[in-house]
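Okay, so here's the structure we're looking at.
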Amino acid sequence: MAMPRATSGPAYPERFYAAASYVGLDGSDSSAKNVISKFPDDTALLLYALYQQATVGPCNTPKPSAWRPVEQSKWKSWQGLGTMPSIEAMRLFVKILEEDDPGWYSRASNDIPDPVVDVQINRAKDEPVVENGSTFSETKTISTENGRLAETQDKDVVSEDSNTVSVYNQWTAPQTSGQRPKARYEHGAAVIQDKMYIYGGNHNGRYLGDLHVLDLKSWTWSRVETKVATESQETSTPTLLAPCAGHSLIAWDNKLLSIGGHTKDPSESMQVKVFDPHTITWSMLKTYGKPPVSRGGQSVTMVGKTLVIFGGQDAKRSLLNDLHILDLDTMTWDEIDAVGVSPSPRSDHAAAVHAERFLLIFGGGSHATCFDDLHVLDLQTMEWSRPAQQGDAPTPRAGHAGVTIGENWFIVGGGDNKSGASESVVLNMSTLAWSVVASVQGRVPLASEGLSLVVSSYNGEDVLVAFGGYNGRYNNEINLLKPSHKSTLQTKTLEAPLPGSLSAVNNATTRDIESEVEVSQEGRVREIVMDNVNPGSKVEGNSERIIATIKSEKEELEASLNKERMQTLQLRQELGEAELRNTDLYKELQSVRGQLAAEQSRCFKLEVDVAELRQKLQTLETLQKELELLQRQKAASEQAAMNAKRQGSGGVWGWLAGSPQEKDDDSP
């Protein structure tokens, strides 16, 4: 059986020479070629330059000719280090190696100096070693993304041989082989046929698009070189799928569904990608209906042949609490208007389904706070409720992960923007009773945000598999927990009936308590103890370990400080840009206000002109009436004059004829 190590390794310069030996550098030209062939070009050149700086010193050799581009690139890398001290070059050499290959030390050759302290599994006596009346606690080293080994005095996380998972209710770190994925968080994880797939995620603010698979039988990592299906036969150069983070990865029909997620250039609506492990091909799933707006950090829950999507954060950083359902038979989206008080807008929460009827939402976060509330949606009546809970409720958290085993919902990780959640808890979904399964201490990957959690099987028993996360450092560790029967059944022994809407489906069964006790005792058989080490070497090892720990913490603090400085500088730049935009907008506002005032003055003048025209129009109407009256009077006068003229021109003949005009005048 392999003997896991629990040490931070030898001190410098021995650690540097061990790393150089692992890389294959011995100062010869052939060794440099080996390095270049094993690592990416930029990493290989930097490792070569640091090795030369540490072993030879500053570059004083003449520049190679342009006909030798490889040698010229190596010379430029070495020359760029200037007068860097040798010890600093050694430290950076090891740091870069650990960033590229975090598990290098465990895979190093046997000629690397052995560490001071060994940790052995399956000793004859499962009791801790006592020396001078003091009990030594177990020690576990968890390697982090940046390669530095963080030593944790915590027996809640132990090393396990890759072929055994025997400790119940305790997190263990199995040995894995193969190239581990780059450390990340906000990735997706799902299991198909005893293989855990890891897709996408976030690393140093960059979205990832790689796909890795872990064989859960052999614990071997491998990267999947995927293809992208073309939409038609005419398309010969399909565009690659955009890297993403904050998406959901669901196993469906021996395929993987990647739903939503944040991307560099987000689409307007939520997209669903499909990966077929048989053809190693990604393709876009064609859906119908009105899809949800593009988002990340949502929860996606498989309920029968449907996917239930809740919440998340859209591309404009607006938090959501809407509810959508995708029917996998018809591939049709449907937006649900539920009744009752829905959860507040949030992202990075966890969701589970109970009895194929009740959707449970726990935790999550907004821009300012994290939540610890539990909401239940009845999928038959589409009504939200907040039922009463039992036990000790978990602390507020976001970025946690959850899986269900029967009626039990296991919640792992998460954080509250201050620290990671150290307790792994379980909720019995029938009784709504919380209990703690395991607890970890220190800054370990399990107390991280954005980790993933899946369920696997080992010797017929369920095992929780956690991967990745971010707790100030990016992680790519695998941790396992095998819940005992007692932990999965202890909430069922409560006598109180289930409150709220879940009481109708409370069909919990009782089991033999004595067998639970036996299993619990069996789970405590495995202990990790320290080998017999003479006091002198132990004190020396402790001193070296303390110094290494202090140096590691110093480096972490320096890295955190540099990161904070970069963030502060970025925020200042963004603030300056915002102030500049604000100034421009204010100038535009003043200009618009001036234009508005001019338009208002012009409108006022127009109103005055209109009033004057109206007054003149009224005067014209009066004059028109007077004119018409005068015209009528004139016409009457002219008519009278004509009549008088006619009467005056009759003469003698008119008098002799009897003046017929007079008759006409006298006639009515």
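Count begins at 1; order follows the chain as displayed.
Backbone N, Cα and C define each Cβ position, glycine as well.
Among the residue ranges 129-158, 549-578, 639-668, the one that Swiss-Prot annotates as region 'Disordered' is 639-668. Taken through DSSP, the domain 'ACB' (12-106) splits into 61 helix, 0 strand, 34 coil. There are 28 other CB atoms within 10 A of the CB of LEU50 (acyl-CoA binding site), with all protein chains counted.
Each residue of the repeat 'Kelch 3' (307-356) gets a DSSP state, and the totals for helix, strand and coil are 0 helix, 29 strand, 21 coil. Every protein chain considered, the tally of other Cβ atoms within 10 Å of the Cβ of LYS74 (acyl-CoA binding site) stands at 20.
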